[in-house]
Amino acid sequence: MSRREDGRLDDELRPVTITRGFTTHPAGSVLVEFGQTRVMCTASVTEGVPRWRKGSGQGWLTAEYAMLPAATHERSGRESVKGRVGGRTQEISRLVGRSLRACIDLAALGENTIAIDCDVLQADGGTRTAAITGAYVALADAVTYLAAAGKLSDPRPLSCAIAAVSVGVVDGRIRVDLPYTEDSRAEVDMNVVATDTGTLVEIQGTGEGATFPRSTLDKMLDAAMAACDQLFEIQRAALELPYPGVLPEPGEPAKKAFGS
């Protein structure tokens, strides 16, 4: 089999690194790297829930995604300066939130909110899938922090791990984890979010250049699930290390929260 432009096999991920404790203030903070794509993912805890959630006894998890102006080859203006959030940004923010809510028991949080922030420092394809993969680890650290503070009714509210990967058809070949040079010319482009129990959370797929048969879809899903299995191993290895910071004592006011 001929190799890709970057030397990888079709089913091979780019080098993936997950660094916990990347910043000190949030309960969970991760730098995730998929090759040259780098995303900072944080998980912050705040008391209270959205108005429509009040009185339910359940918590909430929300997510925001953004790209730094110089994350790509050409600088893009900050959306905060433009005065409105773009459609792509809203779509990815909602995707990250949906993906992580699939793995957590919100009732265990009480009426508290975990806010996930994913900021793309450098983009080379697959930013949304990198964000989801890194954000899960940040969420796991935030849960560890809340459990240590005695804030959870269930100390183990995470039912599974969540990871995501891009997969596409490029030059007629199914390839995983597409960098920008491949993503920009893919005939079929897909993002797959999965759990470590073998189930799917979300599939986003498009025939960019042409239609594609069901058999291709099945092969793409097989390739994506195999790649996610590798990502789960990387997540587990990262989370085997001790919590990257000082955990609170039960009953002690949580310091890693908004406004602290």
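Cβ atoms are placed via backbone N, Cα and C, with glycine included.
Bear in mind that the values here come from a model prediction, so they are computed numbers and not experimental data.
As recorded in Swiss-Prot, the features of this protein are as follows:
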type: BINDING; residues: R88, G126, T127, R128; note: phosphate binding site
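Take the mean position of the Cβ atoms of R88, G126, T127, R128, the recorded phosphate site; other residues of that chain with a Cβ within 8 Å of it are Y65, I92, V120, A123, G125, T129, A130, A131, N191. Of all Cβ atoms in the protein chains displayed, 27 besides its own lie within 10 Å of the Cβ of G126 (phosphate binding site).
In the three-state DSSP classification, G126 (phosphate binding site) falls within coil. Of all Cβ atoms in the protein chains displayed, 23 besides its own lie within 10 Å of the Cβ of R128 (phosphate binding site).
Under a cutoff of 8 A between CB atoms, and with a sequence separation of 6+ in the same chain, R88 (phosphate binding site) has no neighbours. For the phosphate site, whose binding residues are given in the record as R88, G126, T127, R128, the maximum C-alpha distance rounds to 14 Å.
Sequence-distant neighbours of T127 (phosphate binding site) (same chain, 6+ residues apart, CB-CB distance under 8 A): T37, V39, M67, I92, V120.
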